[in-house]
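Colleague: Take this structure, written in structure tokens, and hold onto it; I'll ask about it next.
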Ligand code: FCB
């Protein structure tokens with residue numbers, strides 16, 4: 001059955017600065033927490049770093065060509081804070097701003113809408129040295145940075161996104177240590193949750209102080225968490241607790257203006273949340289034009305009996321600790337397959353459920369799928385083609401899920417495939433490939449995979465056949 005999307009549905013693809021740019025020491029860029037982390041032995045697979053990545057910093061004109069040839073209506077990218085403010089504070093670095101200014105102009109010349117994320121995880125190292133996201137000041141520094149970028153790029157940007165997946169920044173960065181800065185301090189992780197939320201609110205205010213009619217958003221990796229045994233009260237309670245940590249810790253203050261009571265109670269052993277000051281939740285609760293939703297897979301939880309080996313299949317490397325702060329009696333069970341190369345289960349029904357939930361709980365808030373896609377071990381055939389039917393199938397099934405949710409009332413305005421290019425997949429280095437376009441890491445040559453050709457056709461016909 002063919003599926004058509006409404007006129008004006010935005011077709012895009014997404015990337016992030018540290019994952020593609022390279023040129024880590026060029027153009028006046030300062031070090032970020034990901035430079036430090038990836039250069040620390042044992043932190044990333046094969047010791048991979050973003051020093052060169054896809055060399056997008058130099059190859060951006062070619063990449064713009066691919067964006068245009070795919071027919072993308074929008075391109076989601078992030079600005080690297082340490083390119084704009086090398087030490088995370090103080091005056092802007094002209095060369096860094098010029099780079100993004102040229103990129104934005106290049107997109108507009110090709111009729112592609114720039115969708116800009118201000119923070120996709122590359123915190124300037126100097127700010128981490130001063131306490132990072134566990135420290136309140138970082139939120140204010142973020143607002144300064146947001147204002148600088150807003151002044152520079154102005155109304156050339158179609159949609160401003162403050163943060164990408166603050167869940168990962170807070171819990172993987174400060175609780176499990178699987179991501180930079182690699183700290184395993186549960187109380188600091190909850191402080192980071194709050195300071196990221198605050199950064200979002202202050203960031204939206206800063207952008208709108210310069211650009212009153214700017215369209216603003218945030219991208220969350222909302223989790224679809226299911227109880228192993230829905231008839232068990234304990235399992236349902238495990239799902240509720242994980243939902244509070246994963247989802248409502250962000251949607252609560254950002255979309256409803258308050259932290260959920262159950263989250264504060266569940267984590268009372270870890271922190272008293274005294275880092276939340278009077279007035280903070282009002283700052284965080286800014287009107288948004290769109291909510292960015294990243295979706296890859298689902299999660300399955302139950303109460304842990306405390307005796308059998310604890311199952312921790314939450315889709316993330318555990319590294320030093322668990323990201324699930326204050327939930328030590330809960331276990332994550334591996335959901336049913338099939339799986340991608342990340343070990344993530346493929347379940348488009350979770351996306352339908354998620355979109356309908358947001359629609360129900362936050363009516364009137366338009367959504368955009370700002371990331372969805374899959375890593376598979378691609379092979380290059382002798383004629384140079386990259387046949388990736390599994391990726392095509394993954395994206396097609398998730399697009400059908402989006403269409404299904406829309407039919408049931410969800411207001412979804414666009415879809416961005418993760419990712420335009422194979423890139424530095426954080427702690428998995430270059431080993432996991434998500435791109436529509438293959439990157440040969442020896443030559444940096446770009447080759448369209450079958451999925452890129454297929455996606456171009458989907459865009460051209462505004463739907464699936
Ligand atoms: C998301 C990140 C993105 C990419 C995908 C696979 O969590 O936002 O940078 O790594 O996962």
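Using N, Cα and C of the backbone, Cβ positions are placed for all residues, glycine too.
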Colleague: Looking at substrate binding as recorded in TrEMBL, which candidate out of 19, 205 goes with 120, 164, 296, 418, 425, 426?
Modeller: 19
Colleague: Given residue 165 (active site, proton donor) and residue 425 (substrate binding site), what distance in Å do their CA atoms have, once rounded to a whole number?
Modeller: 15
Colleague: How many Å separate the Cα atoms of residue 120 (substrate binding site) and residue 371 (active site, nucleophile)?
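Modeller: About 12 Å separates the two Cα atoms.
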Colleague: Including all protein chains shown, what's the count of other C-beta atoms within 10 A of the C-beta of residue 296 (substrate binding site)?
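Modeller: Excluding its own Cβ, the number within 10 Å is 23.
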Colleague: Can you tell me how far the Cα of residue 371 (active site, nucleophile) sits from the Cα of residue 418 (substrate binding site), in Å?
Modeller: 5
Colleague: If one looks at the chain holding residue 164 (substrate binding site), which residues at least 6 apart in sequence have a CB under 8 angstroms from its CB?
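Modeller: Looking at Cβ-Cβ distances below 8 Å from residue 164 (substrate binding site), excluding near sequence neighbours, one finds 16, 78, 117, 119, 120, 121, 219, 292, 294, 370.
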Colleague: With substrate as the bound species and 19, 120, 164, 296, 418, 425, 426 as its recorded binding residues, calculate the greatest Cα-Cα distance and give it in Å as a whole number.
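Modeller: Taking every pair of listed residues, the largest Cα separation comes to 18 Å.
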